[in-house]
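A.B. asks: For 1-16, 153-165, 402-418, 960-969, the entry in Swiss-Prot reads compositional bias 'Low complexity'. If you look up Swiss-Prot, you'll see 48-60, 127-152, 1005-1015, 1054-1082, 1101-1111 marked as compositional bias 'Polar residues'. Annotation comment: Swiss-Prot describes 299-401 as region 'RNA-binding', evidence class similarity to another entry. Annotation comment: Swiss-Prot describes SER416 as phosphoserine, evidence class similarity to another entry. Annotation source Swiss-Prot lists domain 'Integrase catalytic' at 660-835, citing sequence analysis. Residues or ranges marked as compositional bias 'Basic and acidic residues' in Swiss-Prot: 1038-1053. Taken from Swiss-Prot, the feature domain 'Reverse transcriptase Ty1/copia-type' applies to 1338-1476. According to Swiss-Prot, the feature domain 'RNase H Ty1/copia-type' maps to 1610-1752. As annotated by Swiss-Prot, Mg(2+) 3 binding site applies to ASP1610, GLU1652, ASP1685, with the evidence given as sequence analysis.
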Amino acid sequence: MESQQLSQHSHISHGSACASVTSKEVHTNQDPLDVSASKTEECEKASTKANSQQTTTPASSAVPENPHHASPQPASVPPPQNGPYPQQCMMTQNQANPSGWSFYGHPSMIPYTPYQMSPMYFPPGPQSQFPQYPSSVGTPLSTPSPESGNTFTDSSSADSDMTSTKKYVRPPPMLTSPNDFPNWVKTYIKFLQNSNLGGIIPTVNGKPVRQITDDELTFLYNTFQIFAPSQFLPTWVKDILSVDYTDIMKILSKSIEKMQSDTQEANDIVTLANLQYNGSTPADAFETKVTNIIDRLNNNGIHINNKVACQLIMRGLSGEYKFLRYTRHRHLNMTVAELFLDIHAIYEEQQGSRNSKPNYRRNLSDEKNDSRSYTNTTKPKVIARNPQKTNNSKSKTARAHNVSTSNNSPSTDNDSISKSTTEPIQLNNKHDLHLGQELTESTVNHTNHSDDELPGHLLLDSGASRTLIRSAHHIHSASSNPDINVVDAQKRNIPINAIGDLQFHFQDNTKTSIKVLHTPNIAYDLLSLNELAAVDITACFTKNVLERSDGTVLAPIVQYGDFYWVSKRYLLPSNISVPTINNVHTSESTRKYPYPFIHRMLAHANAQTIRYSLKNNTITYFNESDVDWSSAIDYQCPDCLIGKSTKHRHIKGSRLKYQNSYEPFQYLHTDIFGPVHNLPKSAPSYFISFTDETTKFRWVYPLHDRREDSILDVFTTILAFIKNQFQASVLVIQMDRGSEYTNRTLHKFLEKNGITPCYTTTADSRAHGVAERLNRTLLDDCRTQLQCSGLPNHLWFSAIEFSTIVRNSLASPKSKKSARQHAGLAGLDISTLLPFGQPVIVNDHNPNSKIHPRGIPGYALHPSRNSYGYIIYLPSLKKTVDTTNYVILQGKESRLDQFNYDALTFDEDLNRLTASYQSFIASNEIQESNDLNIESDHDFQSDIELHPEQPRNVLSKAVSPTDSTPPSTHTEDSKRVSKTNIRAPREVDPNISESNILPSKKRSSTPQISNIESTGSGGMHKLNVPLLAPMSQSNTHESSHASKSKDFRHSDSYSENETNHTNVPISSTGGTNNKTVPQISDQETEKRIIHRSPSIDASPPENNSSHNIVPIKTPTTVSEQNTEESIIADLPLPDLPPESPTEFPDPFKELPPINSHQTNSSLGGIGDSNAYTTINSKKRSLEDNETEIKVSRDTWNTKNMRSLEPPRSKKRIHLIAAVKAVKSIKPIRTTLRYDEAITYNKDIKEKEKYIEAYHKEVNQLLKMKTWDTDEYYDRKEIDPKRVINSMFIFNKKRDGTHKARFVARGDIQHPDTYDTGMQSNTVHHYALMTSLSLALDNNYYITQLDISSAYLYADIKEELYIRPPPHLGMNDKLIRLKKSHYGLKQSGANWYETIKSYLIKQCGMEEVRGWSCVFKNSQVTICLFVDDMILFSKDLNANKKIITTLKKQYDTKIINLGESDNEIQYDILGLEIKYQRGKYMKLGMENSLTEKIPKLNVPLNPKGRKLSAPGQPGLYIDQDELEIDEDEYKEKVHEMQKLIGLASYVGYKFRFDLLYYINTLAQHILFPSRQVLDMTYELIQFMWDTRDKQLIWHKNKPTEPDNKLVAISDASYGNQPYYKSQIGNIFLLNGKVIGGKSTKASLTCTSTTEAEIHAISESVPLLNNLSYLIQELNKKPIIKGLLTDSRSTISIIKSTNEEKFRNRFFGTKAMRLRDEVSGNNLYVYYIETKKNIADVMTKPLPIKTFKLLTNKWIH
């Protein structure tokens, strides 16, 4: 029956939408990559032929191609694989049955009847249900029809009963393009409406009016398929049909939604283009309307940028808003938000002006009687405002020259502004409508604007000699009634009220200040171009900008009317209360305290709280009327804004009501804050606070940790305090559920004392609001106090304590009382209080000598709890003291530079406030030796030491005499010190101990040294201070560091007569004065330097006890000495033979050789920098110099040293910067191309292995779904930028396996196809070496893994195409990538993000901050290098667990599990490692070098004597003209790149002893002379001869409790081209060399000390980073040390002398090193030059010296 039915209706099959697809589903397992080109061409030809047959078939039998229909006839052509839909989505007999249509019988086809599709059929019945249309169906869409339109009628209006009918209905046009689909749908909907099917069309809500019948659904489906061929359907329509090929209703519904959206978009665009605004409606409503339109358009894909939006908005502004059109010139990139700020400001100004019209508007009669010849003028000496405006400017200028007390007569309208209004525009916004917050000025300062004035702007005046302004709110440092006479152009006087500074903050973030005069008697604010020119600012009227002489644009100029203006938004408003200008002669006795002063005095409390406190007498000594409150409302404290910045406030009323029924001190709230990071061990990291519910009295206690015993001690203390002081018993303590409160110890304590613990519910912070708000308030105050005072962060708890004292004394607005009053205590006497951080001078009652200064500069912290004194911080002594012997330092405000506090001098206010208290102190002073009470428990700084269990060092300190003589202790007799800002040093030694603050009476006697550095013509010599004597200045450091168990210094004292010295005269270069210094043996000098703290400035203390002082050896110093000796003992330093008595002592090493002939470019540099090279010039023996290399050495003859003159110009000299990393050198190509490995490879066996590797790679790519295998793209149809060339590379690995890799040519990838900001991270070599070293010391298992095809696990976001592999023979086709293919720019970054996410989320790892690709958890450390993983763990099962997790996602291979206890060999990132757990580790590259070096074509000498050193001292690179042809030059450069590339790779891996030679030769890669090549050959020869050398590590002693990280530094002064110095550093962890660096100094040093400072400063950042890494990977404490052989450098670093350095660059480096040493527990050691292994990094050494320095760590 089915076949008969098909044949019966075969004559109308042309009208169906059936596709010619086989009745069977085609199944194939054939890989698309294996399809040959011939088969593909046959398939395409067959498909083309079939399509042409269908095209030529008559209309009556034509069947459009549609893959969504099953054809009742078998197809004669196999389906194309590259169709618009995937093959598996094409309709088959088993897939064609639509849901709900089973009653039609056959499941393989959609039934249809003749009446549904025949154009001549009329259905039976009285009326025709479906329309008929002519046989010429399918007119193109471009053909207009009378019934087709661009709009459609809502289907709801159609007749649902379908009673009306049309005899003929014009069919819709044929769809010919996907872009025409929206218009076609409109005609199709019109066609359905005309066909009486309007009721089935979805309405605006997506639902039809009536239910569609089956016949109607069939008609709808078939007509849609006829007139909308599948190849022209949009993608979203195809997506719908791929799910349900009959769901035409969903397509219509989506189309209607899109048309509605398009209509809304069109309406929005029209509305936006026709905006109008004149202020008649609120600005908020206008902004909401505009922003909603813009947001809708952006969401719909129509992007409206800021420039277009601002233009559309400004075009519709009128009235007083019209002038905003011209603000576009001042902002090239104005945003919509900024424009609406302007509109809001004007709108608010309009509302304010309307509410106060009687105050500003003038009567109409006044306007008529107004005269322009008023006596007061506005323009001082103005001849022409803008020289460019010569025409039509006379009347405007004349108008500007006169003052009017009211508005001028209206003028005619022009293009630049709307018609003048009767109301002036008042602009009070301090940023010219842009800076947000308004400054409300008093009525006196308001001035009516002229009708031709641009509000909020300054008029540029080229003829005015002074700048005048009407408003006083932009005047800084104002002084009233200045004696200044100003006249206008008509010689008439202009009264001036004040003079001050006008400060600008331009758009290049620079600040400039000019003088300004204040007068309200002008019509414009005038900005003098002459004064701007004085500060290097000119006005360019061609570009309409203010700019500097170098062309830097500062601000735009706006042309308005006939004048030019600059916006006031660049003016900085004054942050202080402007003094009353007209009241100058105010009596001193009646002058009130300014509010900013009181605000800062009372811990930055708000004005309301302070006023309540003064009203209720909780603050005594003065009344509320004594404070000037005029500026309290508008005053903004910058420190409060920074320190108290919050997100939102806590929710109030969260506590239970019953808590109010408790008596005082019965109900407490407590909470713990912390930790505070990056603090010294002596400073607390936490504090615990308590608040009484009834009185709101607060207590705070410092904590170092949150242990149970620490918390219990605090609870015991506060309960005893409340019981004894207030006779109250605590009943309830409310706290959160932290472990510090819920532990069993505290719970038993509370239970024993009868106290009920009240815990908050989980995650209910609101129930703990009292304690939370207190902590927030105290922290706000703390940040503000530290910000205001500039004190270091380790004093943070002192700020908390100060704030607590003040907060307990301030009245609550609710209770009208302070916490002290509620508790029954007296109010706080403010005369006893100093601002936090107030500079003071503390009296030293026991100075070093009678001639030493008696004052020590300090900073007041807070009143003492235990005495009438004050807690004061002394930076020079690193102490806090409790004393009454201090005097306030006048004129010193410790402020930050970014705020203008220069004008905030409250000296007189502070003197008046503390006068009575100072007199009380003066009359009751007790001259006793214990005035400085250091044993009080005032705060944590005096009570807590680094190691309290160790005996305290009572050695005293000397006060540095560098400070100026302090003022007298009597305030009334002291003179005002010059007002320069003094800030507390932020970076000082924060370690505070309980040792004595002032020096003891026993002193060590040492001579005074004043001359530190000689700066003669040579700049060579530095007087070695530590040689002469141990500095007394070291006393300054000794007591503060005595408590450190890890300190590198000792406090031993030596007498000047302890040994017999011989005076040796030393003359400084270029000078005539001779210094007589004692000659000291090297051994004694070394001992003194290591155990002393040398300094630049030393003070000679008195010695009254004896001439011979025995060193004081306390247990602390002995412990320090043991620590020092243990660190030095761990280092691989050479063992020196006994020195000859003829050798000179070490001080002379600092003397560089004085030689009149010296080259500027050398491999060996100046040679040995020791003084004996110059003083006693000895030629080394032949065996020290010979290097037996049997290749050409014609150019290696030793040349006479040339003079120190700049090199002559050369025809070809190419010098590059020193090599910073291995990747900067062009690597050697070790891979083969496809033709080399397969096509032309004559080695059959090797070829077969490469072919096998080739197929293995292709199969792996297919397995990983690297590209889309369903479709191939024509090369001509793809954007060339997205096409990436591909290639196969082949190589043979060291294990003998042959590998093939199919890669993309990322080197020619277009920048638009990848994100340039993405980074491909790999593990840093220092991180790997650190991990290996820690593994050896901790007996870790080392497991090596490899992830196969790592990059292919990462998806690719971009649309990229590559050429198929060559075996497919599809050269003109492309395939689209789906994975991050090898070679792409973004592949590495994509893989890194993928594996990083997996390790963190699935493996429980976390990445170490600052060290990419280093992951850790509590048991395992992972170092990741692309697809290689190195796992370190003490438990091998932990490694296995990670491996199991990785195998779930990635193809993970275990290269080496590392479970054996015997020696295990690894090949990790090129390093050949031999590791025996718990014993040793050896790192080398013997196998790799044996394979690679012979391939370099270097003339090796395998039979001759081996080289003993990589280079010869004294040989210099001759930089004469290099004249070779271009081809030979390129060839030699290429050869140098290969040689230095390999040498760099080896050197930075483990051969750190070669880095100097590598770095020097790398600078000459582009200067390949014969001599440079020979030296390079010699370096490669030495590498070949020593290829079996290894970096040797031995396990650290198990008794060592700490990790020891040491950097050894050295520098060779002036031995590089252009007088640059070579610097080098070696880094050691627990005595194992883990890295090295040799480079040329970036700055030109003028002395050896500068070179050494440069070298040390280069090592400090890496030293700190390595320290952080070690602490993250291993939780043991760490000691950081610096070793150098320059005593003068150590003296400078440890000195406290802050005098100006000779060179600001090195002065900055020296000061930074001081901060590192004093603040970060970084210790500096002295090391003998002969033991300095970093010497190999800076100069070529003789063979014996080279071997001596390297044989202990590499052999």
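Any Cβ shown, glycine's included, is placed from N, Cα and C.
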A.B. asks: Any idea what DSSP makes of ASP1610 (Mg(2+) 3 binding site), helix, strand or coil?
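C.D. replies: In the DSSP reduction, ASP1610 (Mg(2+) 3 binding site) maps to strand.
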A.B. asks: Restricting to the same chain and to sequence separations of six or more, state which residues have a Cβ under 8 Å from that of ASP1610 (Mg(2+) 3 binding site).
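C.D. replies: Same-chain residues close to ASP1610 (Mg(2+) 3 binding site) (Cβ under 8 Å, separated by 6 or more) are ILE1623, GLY1624, ASN1625, GLU1652, ALA1655, THR1684, ASP1685, ASN1732, ALA1734, ASP1735, MET1737, THR1738.
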A.B. asks: List, in sequence order, the residues of the same chain other than ASP1610, GLU1652, ASP1685 whose Cβ lies within 8 Å of the centroid of the Cβ atoms of the recorded Mg(2+) 3 site.
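C.D. replies: Apart from ASP1610, GLU1652, ASP1685, the close residues are SER1609, ALA1611, ALA1655, THR1684, SER1686, THR1689, THR1729, ASN1732, ALA1734, ASP1735.
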A.B. asks: According to DSSP, does ASP1685 (Mg(2+) 3 binding site) fall in a helix, a strand, or coil?
C.D. replies: coil
A.B. asks: Given the binding-site residues GLU1652, ASP1685, which one's Cβ is surrounded by the fewest other Cβ atoms within 10 Å?
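C.D. replies: The binding-site residues GLU1652, ASP1685 were compared, and ASP1685 has the fewest Cβ atoms within 10 Å.
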A.B. asks: How many of the residues that make up the domain 'Reverse transcriptase Ty1/copia-type' (1338-1476) does DSSP mark as helix, as strand and as coil?
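C.D. replies: Going through the domain 'Reverse transcriptase Ty1/copia-type' (1338-1476) residue by residue, I get 34 helix, 49 strand, 56 coil.
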A.B. asks: So what pLDDT does the region 'RNA-binding' (299-401) average out to?
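C.D. replies: In the predicted model, the region 'RNA-binding' (299-401) has a mean pLDDT of 58.
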A.B. asks: What three-state secondary structure does DSSP assign to GLU1652 (Mg(2+) 3 binding site)?
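C.D. replies: Looking at the DSSP assignment, GLU1652 (Mg(2+) 3 binding site) belongs to a helix.
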